[in-house]
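Asker: Features from TrEMBL:
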SIGNAL    1-19  signal peptide
REPEAT    108-150  repeat 'LDL-receptor class B'
REPEAT    151-194  repeat 'LDL-receptor class B'
REPEAT    195-237  repeat 'LDL-receptor class B'
DOMAIN    287-326  domain 'EGF-like'
REPEAT    374-416  repeat 'LDL-receptor class B'
REPEAT    417-459  repeat 'LDL-receptor class B'
REPEAT    460-503  repeat 'LDL-receptor class B'
REPEAT    504-546  repeat 'LDL-receptor class B'
DOMAIN    593-630  domain 'EGF-like'
REPEAT    676-718  repeat 'LDL-receptor class B'
REPEAT    719-761  repeat 'LDL-receptor class B'
REPEAT    762-804  repeat 'LDL-receptor class B'
Amino acid sequence: MGICFRILLLFGSCWIISGEPLLLYANRRDLRIVDVAHEKANATVVVGGLEDAAAVDYVYSQGLIYWSDVSEEAIKRTFFNQSGASTAQTVVPGLAAPDGLACDWLGKKLYWTDSDTNRIEVAELDGSLRKVVFWQELDQPRAIALDPERGFMYWTDWGEVPKIERAGMDGTNRSMIINKDIHWPNGLTVDYGQQKLYWADAKHNFIHRSNLDGSSREVVVKGELPHPFALTLYEETLFWTDWNTHSIHSCRKQTGREQRIVHSHIFSPMDLHVFSPKRQPVSRSSPCSQNNGGCSHLCLLSPTRPFYRCACPTGVQLLEDEKTCRDGATQMLLLARRTDLRQISLDTPDFTDIILQVDDIRHAIAIDYDPVEGYVYWTDDDVKAIRRSLLDGSDAQFVVTSQVNHPDGIAVDWIARNLYWTDTGTDRIEVTRLNGTMRKILISEDLDEPRAIVLDPVAGYMYWTDWGEVPKIERADLDGMERVVMVNTSLGWPNGLALDYDERKIYWGDAKTDKIEVLNMNGTGRRVLVEDKLPHIFGFSLLGDYIYWTDWQRRSIERVHKHTADREFIIDQLPDLMGLKATHVNEAFGTNRCAENNGGCSHLCLHTPQGVHCGCPNGLELISDLQTCIVPEAFLLFSRHTDIRRISLETNNNNVAIPLTGVKEASALDFDVTDNRIYWTDITLKTISRAFMNGSALEHVVQFGLDYPEGMAVDWLGKNLYWADTGTNRIEVAKLDGQHRQVLVWKDLDSPRALALDPAEGYMYWTEWGGKPKIDRAAMDGTGRITLVSDVGRANGLTIDYAERRLYWADLDTTLIESSNML
């Protein structure tokens, strides 16, 4: 009986196609429908502009057409009715090689094979509630076909042992039904009426059939097929695509006779199906159609009573009522790869990795998790930032974006709500609140290549590895004080570090010695746990009885039982593996005084073994109550060659380093109070630089033409920068950003050294260390030069008392501090 379709093409023309059968096929670049009842019928494009469409199927009752795109690594769909096809929608992203696709029109599910990950998966028709059905003993699964009325699915396998298998659509009753005289089993289709299974073999060039259990195998077409790919049936006719002939062929399904080409000149024929409601019979209602079978999530058809089974999304456990799924995974492995983040549930045995939907990950390295708020934190070495997002990829945020160079380690203090990280570029350990505010440098001295960092917030300690010239594992209080070297012998590249809080042990992985070792937290009992087949450990984590790690060379994630040393692979052959974190998803343990009211601290609460230590962000100072941080109105800046430090003149706090990178030999210093910026000269780098007091926005304002810039001063009124260069014997000026540079004084200068300005009066003062040491004065444009003090030694540290109108300096020869009036 004929059926009429009115199909709207993408370019706007209308075609009338009548009769049956209609064949829907994938052509790599598009999907097409052709009426094979007409010998010269043209194919109608349903969806065009595709990358690499391979598998195709449909749900006739809902007007849905699905296809897999191997290039885009996704499964897509479109609504198709008398008015044509709608915009394509991606329903399953993040696949590797989705070669096979099948729609359960009765239970309203989507099944597919992935020949790269060697999985068979299922999801709702919209791609939600995705679940791995099979993941073991699969080796390049290819075609897949469903028999929803009987609850079975069938698939071909192209691996070292080619075969055809079947199982319940719920994952039960798996069996191998064909494993002899088979090599490249491409196409697969089911004759529902006669209960037969048909398949094509592209190596042996035949089409065979059997009963649905694999018995009574018969030859349909023998040795006459160049390269058959996909199969489909309609009543008494069998159709297949052929790669060599670029055509669709047909024959009588019972005898294989009456072979003919029904459609030719196809660009690249792939999968095909007869597009008809007769190929999707419904003789009974689905047991999942009413109230979803009572299932909280997936209701999957089954070959055995009650002919359905409830199932959960990948990684989620089914509760004892066999109807309800948990809210989500309880234990999880979080993985940082270079360009994506992945999560692996540890609740179920399939260990399926799911990509977090976060954009613009360039080079992720370290990863950690906050079980309290559910945020994943990671470092990105390319964008030089620390970021976070929720587990579903939503609410992605940048947490720290400045003064981040090579952030290799990261750790969450889930009690005090702080974030710690190591940076092998700046050679620092820093801390902020979890939202990136209140940043503070904790350790900046005697760090060479700090890498992994882990916290014990209940005890108040942090531990980190350093794989510099003297590799070591260190410990300090969470405020950075009381440093102790735990291990400094027989180490190479200690990449990974993990704490066993229950048994009070430290575990680490070394990428140079190729060992996993353990030590008691009191420093005793060091021993080797694993020393075989560990070519390059990087990421490292511990949860429960297992230690997890990534290996760069093996491209794998493994775990080992900490007591029995039994090992197993979690994932094999996944490139670009970096850090990982094994964690409870919603369970946090322990407490300390920082958990209540932030320990009474106005800013950072840092728990130590001695109790709460309130910390202040860079630029703030702690007042005498030891709880409150303020912005000091007066402070002392001084350089120590490789860093610049400050001391509050109000609170008398210990000096702290300004967070600046790349300082080699800082000499002259000045400060622009109107802009809150520090300026300094570096006589090794031969530069003049500036940065804000918090260390941000560091820039070199003068980089060329300097030799030994010993003197420098800021004109805070004219917004100019002055400096004296002992090597070039010049005094120069430029705008504060280094622009419009000009030489002011160059004649009769003999080793100018210290420089001071009096912008209100328009004078500059400098010292000279040459043959006749002296102190000179000139107008700030270089004119009107006079000698102010002639009988001095090597005068250094020139400064002005503007209120008393006096000039002060230190004489290195007499070791005295002297002064004179400014006239």
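Cβ coordinates come from backbone N, Cα and C, glycine included.
No curator has checked TrEMBL annotations; they are predicted automatically.
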Asker: Quickly jot the same-chain residues contacting the repeat 'LDL-receptor class B' (195-237) by Cβ under 8 Å, restricted to those at least six beyond its ends, or write none.
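Answerer: Cβ under 8 Å, 6 or more out: 20-21, 23, 25, 143, 145, 147, 150, 152, 154, 156, 164, 166, 175-178, 181-189, 243-245, 249-256, 259, 269-274, 276, 278-279.
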Asker: Tell me the residue counts in helix, strand and coil for the repeat 'LDL-receptor class B' (460-503), as DSSP assigns them.
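Answerer: Taking each residue of the repeat 'LDL-receptor class B' (460-503) in turn, the totals are 0 helix, 23 strand, 21 coil.
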Asker: Would you kindly check 108-150, 151-194, 374-416, 676-718, 719-761 and say which stretch has the most C-beta pairs under 8 angstroms to the repeat 'LDL-receptor class B' (460-503)?
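Answerer: The stretch with the most close Cβ contacts to the repeat 'LDL-receptor class B' (460-503) is 374-416.
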Asker: I'm a bit unsure how to read this: which one of 151-194, 676-718, 719-761, 762-804 has the highest number of Cβ pairs shorter than 8 Å with the repeat 'LDL-receptor class B' (374-416)?
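Answerer: The stretch with the most close Cβ contacts to the repeat 'LDL-receptor class B' (374-416) is 676-718.
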Asker: Summarise the model's confidence over the repeat 'LDL-receptor class B' (504-546) as a mean pLDDT value.
Answerer: 96
Asker: Counting only residues 6+ away from its ends, which parts of the chain sit with a Cβ under 8 Å from the repeat 'LDL-receptor class B' (417-459)?
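Answerer: Distant contacts of the repeat 'LDL-receptor class B' (417-459): 366, 370, 372-373, 375, 377, 379, 386, 388, 398-400, 403-411, 465-470, 476, 478-480, 483, 494-499, 501, 508, 540, 589-592, 594, 598, 603-607, 609, 615-618, 643, 656-657, 659, 661, 694.
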